[in-house]
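Following: one structure in C-alpha cells, then a few remarks.
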Amino acid sequence: MKFAEHLSAHITPEWRKQYIQYEAFKDMLYSAQDQAPSVEVTDEDTVKRYFAKFEEKFFQTCEKELAKINTFYSEKLAEAQRRFATLQNELQSSLDAQKESTGVTTLRQRRMPVFHLSHEERVQHRNIKDLKLAFSEFYLSLILLQNYQNLNFTEFRKILKKHDKILETSRGADWRVAHVEVAPFYTCKKINQLISETEAVVTNELEDGDPQKAMKRLRVPSLGAAQPAPAWTTFRVGLFCGIFIVLNITLVLAAVFKLETDRSIWPLIRIYRGGFLLIEFLFLLGINTYGWRQAGVNHVLIFELNPRNNLSHQHLFEIAGFLGILWCLSLLACFFAPISVIPTYVYPLVLYGFMVFFLINPTKTFYYKSRFWLLKLLFRVFTAPFHKVGFADFWLADQLNSLSVILMDLEYMICFYSFELKWDESGGLLPNNSEEPEICHKYSYGVRAIVQCVPAWLRFIQCLRRYRDTKRAFPHLVNAGKYSTTFFTVTFAALYSTHKERGHSDTMVFFYLWIVFCIISSCYTLIWDLKMDWGLFDKNAGENTFLREEIVYPQRAYYYCTIIEDVILRFAWTVQISITSMTLLPHSGDIIATVFAPLEVFRRFVWNFFRLENEHLNNCGEFRAVRDISVAPLNADDQTLLEQMMDQDDGVRDRQKNRPWKYSQSISLRRPRLASQSKARDTKVLIEDTDDEANT
C-alpha cells in the first residue's frame, strides 16, 4: 500500500484539516521538479538560485504546518487532561457514595442483582456503568491523539525524505532533526502517560483488578481501512441474495399463471407491501453504511454507536436477504394455498410474527446489542416529549415518515383480519371481486388518517421538545411547522375521499384545499431538504456552485443529480392525483401507491447520504471524533484544574498566522473559534476518500 493510501485510511476524518498536507507537499515538489530550468539551456547558477528560492518557500510552508500541528496537539492534550481529571473526580465521588451507603470499601465486593437494590443504589450502579462507558470512549480519544502524533511525524519524515531524493540534497533531513524531532507534538510523551493511567484506573477500580477484562473493555477498533467481513458472512450474503432473486422470478411466474382472474389480489398486496418496503429499506441502509464508510463519513459517531461493536453493511445485507427469502416463501405459499391444507391467512401472520420475534428476541443471539439499541431508540421516538432528542432519534423518526405506508398497511391488515376476512374460506386473502365493497382501505372510519399522521406527529413533538430545551424558535419551531403541513394534507385528503364517496356537493372544495396544502408541504419540505438538512445553496460555496464550500463526496454531479431527484419525488404526488382523478381504471390509486412507496424509500436512501454528510461536517468543524459521555457536569474543582493546565507551558499556544496554498478540491470547515484561534485563518487541505473503520 502506498503511503498516501495508508495515510488516507488511518487519519481521523474529523481532524482531517489538522494533519500535514502531504499530497499538497508532493504536488509542490513535483511541480518544482517539472518547472525547473534545464542545465542544458541555462547556467548552473540560475538553476541553484531557482532551487534555493523553492526550498525557502518549501521550508516556510513546513514551519506553518508544524505550528498548526503543535497547536492542535496542545489543545487536544489539554482537553484530554481536563477530561481525565473530571472522570477521576466522578469515579471517586461514586466510590465514596457507595462506601457511605453500604460500608463496602470497593466496587468489586458488590454482587447483589440490580433489581434488589434501593433507588439510591441503582443510581450509583448506573453511574458506575456510565463511567465504564465514559472511560472507554476517553481511552479511544487518547489512542486517536496518539495516532495523530505518530502519523504527522511519519508524514514529515516521508515528505522530507522525498524532498531530499528529488532535489538530491540532505537539507530535508537536517530540517527534520532541527525542527520536527524537537517539536512539542513529538517530544511530549504525556499522552502515553495518560493512556497508562487510564488502563490502571479501569483495571483497578472498575474491573476488579483483572487486566484482561479491562483491556477487553478498552479495546480500540482498527484505525485502518475497513477490515473484510468474515468469510461466512460474505457467503451468506451472496447465498441469500441469490435465492431472493430466484424466488422473485418464481413469484412473477406464479402470479401470472396461478392467480385466478375472478379474485381480488389487493388485500394480499396491501398486506405484503409493507414487508417488502421494510426489506428494501434495510438493503438500502446497507448501501448507505457502505457509502458513508468509503467517503469517511463517521456514521458510528453520528449515531453514537459503540465503535467496538456495531453492524456493518454486510450484516444489513444479510438481514435484508434473509427476511427477503421469508417474504417470498410466504407469498408463494399464499399463491399455492388452494392445494394446501393451510389457509392463506395463516402465512402473513407467521411471517410478521417471526419478524416481530426477531426484533424482540430476549436471548443474546442474532445481533442482540444492535436489536436492543433499535428498541431503545424506537421507545425514545414514541415517547419524544419526555426525553432530550438526539440525532439518532429524529433521524429514525424521519425514516418513519418515508415508511408511513408500512404503518398504514399494518392498520389495514389488523382491520382486514378483524372485519373483512372470511375465516371459513381457505382463500380468504384472495376474495371474489363480486363480494361487498371494502371498508378497511377507506378513510370513512377515521383511523386510517390518524395512522398516516403518526410519523409526522412524532417529528412534530420532537421539534417542540428541542425548542423547549434550546429556546431557539429557528430552526425548531419552523421545522415543526413543516411537519404540521402533513396534518392538513391528510385531513383534506380524507375529507375529499369521504365526501366524494357519499356524493356531497362540497367535494371539490376539499379537493382544492388538498391540492393547496400538498403544494405548500412539498415546497416547504423541499426547501428544508436542500438548505437545512443538506446545507446546500451556501452563498460561500465558491467553485461548488449552488452547493456548499465543503463537500465530501468526490463528484459535484452527485449533488446536482440529487437535487433534481429530490424535486421530482417531492412532487410525485401530482402524478398520483392526476391519474386517480382523471381515470376510471379500477384500483388506480392502489397501483400508483404501490409504485411510489418504494420510490419514497429510495428518496430517503439518497437523503441519508447528504444528511449525514452535513452532520459529519459539523463534527469536523468542532473536531469531535468520539462520543461525549459524562456522569456529572464540570464542577468548581475541575474548572480550577483546567485553568491551571491551560496556564502551563505545554498548554494551548497561540497559532501563528498562516495562509495555506489552494487546491481544486478542498475543504474549509467553519466552527466556533477557540480563544487561541481568534486571529488564525482557516486551513485548507486536499480531500481524499477515506474508510472510517468501525468493527462489527
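Yeah, the Cβs are placed from backbone N, Cα and C, and that goes for glycine too.
In Swiss-Prot this protein carries:
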type	residues	note
BINDING	Asp398, Asn401, Lys482, Tyr483, Arg570, Arg603, Arg604	phosphate binding site
DOMAIN	439-643	domain 'EXS'
MOD_RES	Ser668	phosphoserine
MOD_RES	Thr690	phosphothreonine
REGION	158-165	region 'Important for inositol polyphosphate binding'
REGION	648-696	region 'Disordered'
TOPO_DOM	1-228	topological domain 'Cytoplasmic'
TOPO_DOM	260-264	topological domain 'Extracellular'
TOPO_DOM	297-309	topological domain 'Cytoplasmic'
TOPO_DOM	338-343	topological domain 'Extracellular'
TOPO_DOM	384-388	topological domain 'Cytoplasmic'
TOPO_DOM	423-429	topological domain 'Extracellular'
TOPO_DOM	535-553	topological domain 'Cytoplasmic'
TOPO_DOM	627-696	topological domain 'Cytoplasmic'
Largest CA-to-CA spread of phosphate binders Asp398, Asn401, Lys482, Tyr483, Arg570, Arg603, Arg604, angstrom: 18
Other CB atoms within 10 A, centred on Arg603 (phosphate binding site): 20
Nonlocal neighbours by CB distance (under 8 Å) for Arg570 (phosphate binding site), same chain, sequence gap 6 or more: Ser522, Thr525, Leu526, Asp529, Arg603
Taken over the topological domain 'Extracellular' (423-429), the model's mean pLDDT: 67
Cβ-based isolation winner (fewest other Cβ atoms within 10 Å) among the binding-site residues Asp398, Asn401, Lys482, Tyr483, Arg604: Asn401
Other parts of the chain folded back onto the topological domain 'Cytoplasmic' (384-388), taken as Cβ under 8 Å at six or more residues beyond its ends: 397, 458, 461-462, 464-465, 469
Secondary structure content of the topological domain 'Cytoplasmic' (535-553), with strand meaning DSSP E or B: 0 helix, 0 strand, 19 coil
